[in-house]
Each structure stands twice: as C-alpha cells, then as structure tokens.
Amino acid sequence: MKRARVDGPDKTPSSASASGVASGQNVNVNNVHLPKISRKIRACQECQNRKIKCGIEPGQNQCARCSRLGLQCVVNKSLQTLLDSENEWKTKMEMQLQTLQASMMEVRRTLNLPQLIPPQQSYQYEAAAAAAAATTTTGAGSAGAGAGMSQSPVNPAGSQCSPGTTTGPSPVRPPDVTAMTRENSPEQTAQDNGEDQAIVSAPMASLFEVTKLRNIRSDPGARVHLHLPSSRAQEPDFIAQGKFSVQEAEHLFSTFRGTLNAYLWGGIALVHDNLTATRMSSPLLTAAILAVTALHEQDEGRAFDICYPTFLELASQTMFDRYHSLDDVRGLCIGAFWLSDISWKVSGLAVRIATELNLHQFCAKALNKGPQHVEKARLWYLLYVCDHHFSIAYGRPPVINEDATITHHEAFLTLPGITQADHRLHSQVGVFIILSRVFHTFGPDTSRQVARDEFEALKRYDADLGRWKLQWETRLVPDKHISKYPAKGVILHYHFARLLLFSICLRGLNPSNPSDQYAMSDERREFINLAIGSASAALELILTDADMRRAVIGVPLYLLTTIAYAAMFLMKVHAQWKAARLDVRYDDVVDLIERVVRLLEETNRCARHVAHYIGRGLSNMLDKFKERGPQMQQHLLQQQQQQQQQQRQYGGGDGQPGQGMPPVWNEGEMSQDWNQWMFSGEMMNNFGMGPEQYPLNMLDLLNSQMPG
C-alpha cells in the first residue's frame, strides 16, 4: 500500500500557492478553481520525518515530543490551508476598504467636496499622458495638442463635457521655483520632418531643441495634458472650504445658465450642464460665474462680496500658473464681460493664456475641415470679441489683429455643429473688423484732425456698417430667454459704431478757436450731425424697446458703455460746439438724458452693479449741465449776429484758421470747463467714494477718448 507523498522541508507548497494568488488578484475568489487535496497535513516536520504520531493539538505551537526534546516544531501547511487563509485575509481587507470608502464619501459630502475621478479613469489619463510624453515633439509649443485624443473627460454627473473643455494642468503641480530642468529628447512623429520641422517652427522652439529646458516652452504640457482635469480641481475649492454654501452656488449657477448665459451670445462660454462638472473642470470658471451672477442679485451685495474676492484671488494665481485649461480662459472672459473694473486686465490675461495654448492656430485647423478643433476655434473668436469690446470703444489698440481666419470668419459658420450662438458671436466679429479698420486708419491720436481727403474713407466705412446691419439683423432669431434682443442688439451696435465713426470728425478741432467753430465745412458738419443722430438713436432704442430696457441689467458691459458714451457725447457737443450750428438742441439733450437716468436708477436694487453708478454719475453731470445751460443759451443768442458777420468775413475752407479775429469767449473757457465741472474732486465726493472706485473712472475714461 502506497503512502501519500510527504514534501520535505525544502519543497513546501507555499511558493506555488503564493504565485497562484498573486496571478489571480483580480479574479473573484468564489470562481477560483481550488485543487482537491486528499487530506490536510496535521503532523509537524520532525514527526513526519520519523513517521511517528504527532501529538500536536489545535491551537498549540509545539507537539509534546518537540517540546520534550527541545526541537523546532514546524507544520508545513498544505496548498488548501494556504488558500483558505488567503481568502479569509482578502475578505477582511475588502470589508475594511469598503468601510473606509464609505467613511470618506461621508466626509466629502459633509465638506461639500467634489467627487473624485474614478481610479480606472485616472489610470487611463496617466497612461495617455505617458504615451503622449513619449511622442512629444518640438515645434510651436502645443499647436497640435490633443488632435489624436477623441475622448474628453466625463463629468461626475454622467454628462460628457464637450471636447477641449480642458487643456491642461499636469497631474502634479509644478514647483514654485523656476523649473530649470531638462526633458528627454522628443521622439519624432509622423507629422514632423526632422530638420524641416525646425526650420518652419517658431524660433523659441529651436532654443528648446538645444537646451531641453522646460521653463522656456510656451506651454509645457499642453500637448501632453490636453484632456487631463485641472490639478487645482482636485484641491478643495472655496465652496468645499465652506466660504459659500452649495445651495446658494447651485442657485447662482442655475440663474447664470438662464438669462445671463443667453446674453453672452447664446451660452457660448459655458459648456457644462451643472455646477459639479464646472467645479471639477475649473475653480476659476466657477468663481467667475458665481461672481457675475451675484452682481445681478438683489441681496445688498452679500454674495458678490464673497465671490468677487475669490475670483480675483484665482485670477491672480492664474497669472503665474504654468498650466491652464480652456475653462480657465472661459472664466476670464466671463469676468471681463461683466466686471467693469478689471475687464481690460483679465481680457488681456485671457488672450495671453490662449496664445500660450496656441488657440490662434486652431481656427485654421477648424476651417481646414478639422471638426475636432471647432471648440477651440470658437473660443478664439470669443476672445477676439472680448478683446475688442474693451479696446476699440476705450481708444486702446486691440491685442488680436485681423489675419485670414478673422477676415474670412464666416467660413466657420459652414462647418458641422454650428449653432445660432455661433451666428450671434460672428455678427460681433464682423462689426469689430470694421471698427478695427477705422481705428487703424485714423489712429488713436485724438489731437490729429481728420483731413478732407479722408472723408471718403468715412463714407466707405459707413457703407460697410450698413451692409453689416442688413446682413445680420435678419439672420439672428429670437431666443427663449431674451426674446428679440439678438436682432435688436445688431441695431444698437450699428448706431454705436456710427457714433464712433463720425465723432472722429471732431478730432483736432479746438472749441475755443472761433475759426474751428464758425469756419467748419458743411461736409464735416454733416458727419458730426450723423454722429449726434446715432447717439440719440442708440439712447432712444434702449429707452423705448422693452427687450432693450430689460437688457440693461444682465447684458455685458458694452451696452452700458454705449449709454454712457452717447449721453456724454451729446452733453459735450452741445456745451462746446453749439456755435458750429450743429443739429443738437438743449431741450432734447436734457429730456433724453433725464430718461436715461431714470432707467438706470431702476437698477439700484443690484447694489454692486455698475449701471446705477453710471446713472448717478450721469445725473450729477446733467445737473451741472443744466446749471450752465441757460448761461450758454444766453451767451449764444448774444453772439448770433456776430457769428453771421464773422462767417461772411472769415468763411473760407474747412480747417483754415482766421487771422486777427477777436475771440467770442475767453480762451479755453468752454473746453476746460467741461472737464472741470464733470470730473472734479467735488463730484467724487458726491459719490461718497475714492478715485479707485470704478463707476466714475469708467465715465472719465470714456470722456478722455471723446474727440473735441
């Protein structure tokens, strides 16, 4: 009779069982095929070797014989025993992990922290980043970032974000010190042609090719981490830190997705459906949305005073961050369109970050039938409009110039997936192309007089504006949130653009110079009258149309810029140029601006909104204007006969100064008084605020760019 084989001390089943367990870690233990063992080993090794009965009892460490002889009592466990022990240990660990996970989820719910990315998705991101890092090439930074990655992150709520929602940050935040570290030599891809690629790429790419220093790249990691979620999104945001309640944040976010988002050209700057997805993508975008919406809340500014400093803090950090996302750029744009005191600063920051991400290259890629680039191209067109909103009307040169993708922007509207929001956005692109040409033709110098041979250019630009109005007014359909505002906004932009165009004819003219007043040519006077008519038409449209009146609170700042500029232009022209026989009446100006002030006073329930500050500023200006009005009327009546005599004597051509002509009023009386009464320190005190406050600065800035 054969005995069952007993393994020696050097051949135990432990090694085999360990390897088997290791290889099957991801297999359900209930489905593992366990080998059949005839019997369990109960005798220790010493008793087995001598083939004697072992007296070890369950729970004892040594048998009686080994204890008596002082031997080492070792029981070699069978494979079955090892597997049973392993299964028991794994079961206990799984229960502990489940308990720990449930506890952490409860903690995150209590602290209002966003949900974590599933581990499998994180592994996919890391694998994608590693694969992309192996094929990263030199060239124009991250021009082709993410072209081969078709999937974008899925938000925690289950709705998939649109492609290109994020472009960036590395999973590990870079150190605060300058990263003078080197990268491995990049592998050549099929898109690169070796030395030829270095020739056509940006010069800085050649410097990177030589040094491999990460900190000289325009956007290190944009190509690698195109679709990775923001690393800052993994940190507790200001909502998770308890600075702002989730319930109120949800309310503000829902409000923004309604009317405010519709005013921003159909929601083109927000691609997320819920607050959770927005928080996961970009805390900066979240803070911008909440701050802008809080600006329109009737809560005495309580929510705004929390959200606005948070937005400023995050925007300041973005200035020096090394990695950014598309949603960071969107957040800066949203802040620029509504927050008047920082509009110019954050719009410029948004453009710089966008160029680091090479968004300016994606318009051409999208127009070359690259549907995966449409979202990034759309964002670049939004940046173009944002940049021009806060440059042209304020006499600043725009940052983004017109290249072929801008001048032929309507080709973008033929791509698949284009919506009515894109049509609204590109109507803005069209009008600012014309205004940019006006700016570059006549320059920013308000002291340079427009010559007579430049009048033809004014007529050409006016014709361009007329064609633009006819083209876009009928193409924009009503919106469910803002009714017919899209088409009526085209009319408003048309009037304001003509005001900016024809007011240029007052440049270089001195209202205290009688020859500039009385010897003004009929053609120049006609152009200035067109500017006066456009200013009045813009204000009448806002005052009489129900959709436009509702838009005063909610629409981006450009509407308020139109109101302020047009009102100040009418007052200034009447105060300084009435003797030039312009078509402007004192009673009409007073009546129009009084109605504007009453409209803006209705916005005082929004404590932090710039609209009612502008209303207060215009009200103070109107009071001062009315104080001087009778005096000016009497002064002009006294000079009427003298004016006719002077015209007969010194009529002549436009811009030819009279010789030896006595002044009608003291030198500088009218021109200097305008700035003295309208922007004196006394007026600042009437506001109860210092010069750092933005409402009055906005009016002062617009006045400084006003010709004449």
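Note: Cβ is positioned from N, Cα and C throughout, glycine not excepted.
Here is what TrEMBL records for this protein:
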COMPBIAS  1-10  compositional bias 'Basic and acidic residues'
COMPBIAS  14-23  compositional bias 'Low complexity'
COMPBIAS  149-169  compositional bias 'Polar residues'
COMPBIAS  181-192  compositional bias 'Polar residues'
COMPBIAS  630-649  compositional bias 'Low complexity'
DOMAIN    43-75  domain 'Zn(2)-C6 fungal-type'
REGION    1-23  region 'Disordered'
REGION    138-197  region 'Disordered'
REGION    630-667  region 'Disordered'
TRANSMEM  550-571  transmembrane segment
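When Cβ-Cβ distances below 8 Å are used as the criterion, the transmembrane segment (550-571) is approached by residues 259-260, 263-264, 296, 337-338, 340, 343, 389-390, 393, 482, 485, 489, 492, 495-496, 499, 503, 531-532, 534-536, 538-539, 542, 584, 589, 592-593, 596, 599-600, 603, 606, 609-611, 614, 617-618, 621-622, 625, 678, 698-699, 702-703, 706 of the same chain, each at least six residues removed from its ends. If you average pLDDT over the domain 'Zn(2)-C6 fungal-type' (43-75) in this model, you get 82.
DSSP assignment over the domain 'Zn(2)-C6 fungal-type' (43-75) gives 11 helix, 0 strand, 22 coil.
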